[in-house]
Amino acid sequence: MKIVAEASVPYLRGIVDPVADITYLHSDCFSPDTIRHARVLIVRSITKCTPALLQGTDVRLITTATAGFDHIDREYCESHGILWRNSPGCNATAVAQYVMCCLCRLALREGFSLKEKVMGIVGVGHVGGELKRLASAYGMEFLLCDPPRSEAEQDNSFLPLSRLVEQCDIISFHVPLTHEDPHATYHLIGEAFLRSCADKRPILINACRGAVADTQALIRAVKSGWLQALVIDCWEGEPDIDLSLLDLADIATPHIAGFSADGKANGARMCLEAITEVFGLEFPLLHTLAPPPPTHPIIDLSLFPDHRIERALLHTFDPLVPDRSLRASPKTFEEQRKAYPHPREMKAFTVVGATTEEAKILRGMDFIS
């Protein structure tokens, strides 16, 4: 079977090659000529699978190592007998890890305890669900807002956004970008919402889609003191981000929240599982697909006099590292994404020197203890 894979999809080499004829191409080398005889494509979101690319080719399955699938023309695929599969939830833990580590940084800077804060999670899909799990393990109180799920499931445990504004110290957004009513999310973080935050002054986090937030409204909100802190990973108009907003954000990163090595491995694995599902092609070495171990896999809590859970989390990922890089060179936003050294998730780290209570919390967040 002929497969063409994007060269930036990791961990495929040595697993696919023994059982299929696979070619690795950089995304800008994908063309009707280079993929003409491929039955399967393995791509990321940078490769646009449009009629201009697919017409006249032998492609019958497109797999993407990403949760998102806006880069695939689904209508064209359906009308031309081309199946497609995405990788839902592949980086959900990575995004939740990002949020928790950002909150740890803010807690250390401001001197508050996260256990005293109420977190509001807007959008409770794969990512929101993982964030709920980690926050619960940590011992945080949380409220959930997901209007489409509330409507579909008739579940009154989901609250309206206005209730989160009234009760939450932290509001983290994990919604898709949609323009269609009744649950449009475009500029959901807009002037009206931000003005309503003025009394409670929450920490606001956007780690979903840039255009979920109105850039100019965010700038006004920070300047007006409506927010305690602002964390931004996703930006309107990226890679050409607004420099005024960059200056005002407390933590600013170049859309890397989901970029863990584990998330990349999950995406690659799910692509190969889709090929097996559709064509029956088995990959005997699939069990070996795994990211490399972290450079420093042992976390010794005895080295830290206080804030030990926060220090353990920040050992896995410190958002101030990409924050400093972005502030130093905002014009290289895309280059920083491409060169980003993908961190490992918590399950790759062993914690020693923990108390019984700390060990229970850390195990709940996937650490080995």
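Keep in mind that glycine also has a Cβ here, set from the backbone N, Cα and C atoms.
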| query | Which of ASP169, ASP181, ASP233, ASP300 does Swiss-Prot put in the same NAD(+) site as ASP146, GLY258? | reply | ASP233
| task | Select the most exposed residue of ASP233, GLU238, where exposure means the fewest other Cβ atoms within 10 Å, treating these as the recorded positions. | result | GLU238
| note | Between the C-alpha atoms of ARG209 (active site) and SER45 (substrate binding site), the distance in angstrom, to the nearest integer, is 14
| task | Could you list the residues of the same chain, at least six apart in sequence, whose Cβ is under 8 A from the Cβ of SER45 (substrate binding site)? | result | THR64, THR66, GLY68, ASP70, HIS71
| field | Rounded to the nearest Å - Cα separation of GLU238 (active site) and ASP146 (NAD(+) binding site) | value | 26
